[in-house]
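These notes concern the structure reproduced below.
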Amino acid sequence: MDSRICLENFSVNFDERFHLNNIDWTIEPSQHWVITGTNGSGKSALAAVLAGVGEMESGQISGLPSRVGLVSFEAQAELIAKELKKDDADIMDVIAIGTPVQEMIFENCADPELAAELVEKFGLSHLLDRAFRKLSTGETRKVMLIRALSSKPDLLILDEPFDGLDADTLAMLQQHLASIIDTTPMVMVLNRFDEMPSFITHVAYLEKDGHDGGKLAFKVDRKDESAFAELYQLLHLKTTDLQVPETDPASKLPALDPQQPLVKLTDATIKYDDTVIVDKLNWTIEPGKHWQLSGPNGSGKTGVLSLITGDHPQCYVNDIFVFGFQRGNGESIWQIKQFIGYVSTSLQWEYRVSVSCKNVIISGFYDSIGMYTKSTDSQKKIADEWLALLGMSDRADQPFNKLSYGDQRLLLIARAMVKHPPLLILDEPCLGLDDMNRQLVLALIEKICAGKETTVLYVNHHAEDQIAGIENYLALQKNA
Amino acid sequence: MGNNYFNTLPLREQLAELAKCRFMDMSEFADGVEALKGKKMVVVGCGAQGLNQGLNLRDSGLDVAYALRPEAIEQKRQSWKNATENGFVVGTYEELIPTADVVLNLTPDKQHSSVVEAVMPLMKEGACLSYSHGFNIVEEGMKIRDDLTVIMVAPKCPGSEVRAEYVRGFGVPTLIAVHEDNDPKGEGLALAKAYAVGTGGHKAGVLMSSFIAEVKSDLMGEQTILCGMLQTGSILCFDKMVEEGIDAGYASKLIQYGWETITEALKYGGVTNMLDRLSNPAKIKAFDLAEELKVIMRPLYNKHQDDIIDGTFSRVMMEDWANDDANLLKWRAETAETNFEKTPAGDVEISEQEFFDNGILMVAMVKAGVELAFETMTAAGIIAESAYYESLHETPLIANTIARKKLYEMNATISDTAEYGCYLYNHACVPLLADFMKGIKTDVIGKGLSVEDNGVDNARLIEVNAALRAHPVEAVGSRLRGYMADMKKIV
């Protein structure tokens, strides 16, 4: 490939059934890309675009190579379908044998020498005379690969090339691919990061866009290690079907009366000197009803939350009912906090003690910042499950304060959720996060909202960070 | 005004009281705040300790209100604002003290006599009076009504830390005591324990001590190693560096932040770890300097301890109180005029390790001061645990105040009593070290050793390492830090 491939604001559809929207993407001749993303986001479609598939709607596309080697399930299915059609077309009443493998590989072959070598390596020598359509799925995949590799392509497109290959073949293929990187640019579709060959230079990440579309959400240079790590985590959260871990039976919370509200504020007021921040707010949070709280800076969002959590000293002069306690009657704040999971930027600032990632999660059982009690084996096991969910198992023993900002936030959400609190308060959980980390946090919260035990109170003023499942809204006004 | 209470006791009891100090087991706090549940606690004074202890106690489910003087309420002074903005009931002594089951006296030492004299007649029969420092009882000989229970609960950290640690779910090390002469119902210990739980102190470790041991060790620590040594060291090291041609901004920064950095190492691993941060030749140098300093300064430490034990110190200081703090204010002004205080820290980068490498003399001074204070206290009959807390444990806390705003901040943060003692120490110690300082060059303060290589004599290094580790403050320190580490920072 001599020139770059360039897609500018490019939109395309595939039989009107699926759309890729507004793609901006440049592939330099020296680059090797992996396309990845969530299920149904159009990974294979984007790869196919490079082979000229799809109906352009708008935008620009240039530099598409003339000779493309394409291996994909779709192409494989198409080839097999074509073979079967040949049978149908046979008017003679004999059992058709179909095209032999020999012919499939060597007819119109640009590099027969290489093809012969690969046939040997893939262990297909004894199948050369067999009909292509008689091969197993794995064997047809190998034939496809040999055809693509020996076609001297300007661009090699491999859609899930490693699926279904045995370990030896996989190693052989990877080795072969590594040997041609200087002459052949590659684009691979992969669902699993751990299959990514070391020569890959860039990753394109797709997301769903509407119910029948996809978009190119992130492009990451592999040299950018932190972005790469985040992408790994995002993919992990989005694509694995993990369940939120169970809580520790030994740390079970006292039961709440399901007939009573979780929180009831009556004429709640916060004032300093003569400045009234919150004026006579009445608010009831019933179990199972998720809320979004919004309002401009200075409207008292955080103040209202801290009345609920017991962190605001004026909670003792207000009429506050929380988790069965009418405040100011001899209850301790730890009796209140046990029912609440809490995440905010300020918590993150305050969480400055030097503890391991695992202990940060476990500290959620104790509502403490840092760990001051020995944890139980069962708590450790749950923390490990959360770390696995976050894709951070390898960082269990690393100090929390050495993590990236976004990873710290994810851990604090896990810390808040570890005890399955009746109320989860997320005070601007995406604040200060870049787009990728924002996606990560929202993905995690959606997993949590889908559960039944926890009522979510979500505080945000970014309209785009809506969370599915929230149906109640309270907007605070700034007092003049 | 009564007589010095300590001096009225027979020697046998003096020794017994001085030796009281026991690290309590977590299981002793199993009753939580039960002994104080439903009782009315009235705090007198709403400064940093008063406010923050009150916030913690209330968050632990206890009933807390604040009694302030009428003028503080009328003029809406800071103490009134502190209490009302945090949603506490505030009233005068007359309004609140008669309703109180426990009165928490959290005013400065100097006001104790007048506060207690005002409060005591208003207190109801059989109530409890709590102190956070025993000076008034021990040194001023305040006699408390026989029907009242008298206890002490003293968090060993500034008020802001008391709150911050509680909010994290932890606490700060706390000392508790019961005044034996005032425990008519035998409930003093139960109340003190519940109070310590209410402030979160039980999570960080509680020492059961006596009023006497607390006062005599606290005074000794604060005026010698904690404040006095750091003040004298700052002044001498700064002037020496400038005299030797080191940039004044650099010298100022090395000292201002150096104490904090080197005592951070002390906090984690005692004197041994602090010296282990030095190269081997520098370690031996610091060790030798410290040995020399200990010989020169030992008589001064003995004098401070003797004056504290026999009451001379408090008598002289109270004379100054009666004289409108004439000496204290004069000495405070003099401190503000020292070259170190007047020279702002320069805009230079000093790495963490450089504070050690270029501050060998400062390391030696901390080592000498900690060990001397500890040795003198234990020789006077104070038990090792008390002596450890009042010397090594608190040194980093004081060093932090110097890092914030030099000696001014230190002296503003500590009590008047500590400040007064600090100046006494400094006035005696600066001339005492004059000859010693003549021999000091920039290799031990300002520039670091200029050695060809880091080679040392094996035998000498082994001797020094063994001596460091064998000091009794290291044995008790590693044990007490071990208790702390069990609870805190399970990394």
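Glycine is treated like the rest: Cβ placed from N, Cα and C.
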Binding-site annotation, TrEMBL, NADP(+): partner of B:CYS46, B:GLY47, B:ALA48, B:GLN49, B:ARG77, B:SER79, B:ASP109, B:LYS110, B:GLN111, B:GLY159 in B:ARG69, B:ARG168: B:ARG69
Co-listed Mg(2+) 2-binding residue [TrEMBL; alongside B:GLU390, B:GLU394] among B:ASP181, B:ASP183, B:ASP218: B:ASP218
Nearest-integer angstrom distance between the alpha carbons (Cα) of B:ASP218 (Mg(2+) 1 binding site) and B:CYS46 (NADP(+) binding site): 23
Sparsest-packed among the binding-site residues, when each Cβ's other Cβ atoms within 10 Å are tallied, from B:CYS46, B:ALA48: B:ALA48
Neighbouring binding-site residues, C-alpha within 10 angstroms of B:HIS133 (active site) - of B:ALA48, B:ARG69, B:GLY159: none
Distance from B:GLU222 (Mg(2+) 1 binding site) back to B:SER79 (NADP(+) binding site), taken between C-alpha atoms, in Å: 26
B:ARG69 (NADP(+) binding site) to B:GLU222 (Mg(2+) 1 binding site) - Cα separation in whole Å: 30
Spatial neighbours, same chain, of B:LYS110 (NADP(+) binding site) - Cβ under 8 Å, 6+ residues apart: B:TRP321, B:ASP416, B:THR417
Tally of DSSP helical, extended and coil residues in the domain 'KARI C-terminal knotted' (B:356-487): 102 helix, 0 strand, 30 coil
Alpha-carbon spacing, B:GLU222 (Mg(2+) 1 binding site) to B:GLY159 (NADP(+) binding site), which is rounded to whole Å: 17
B:ARG69 (NADP(+) binding site) in three-state DSSP notation: coil
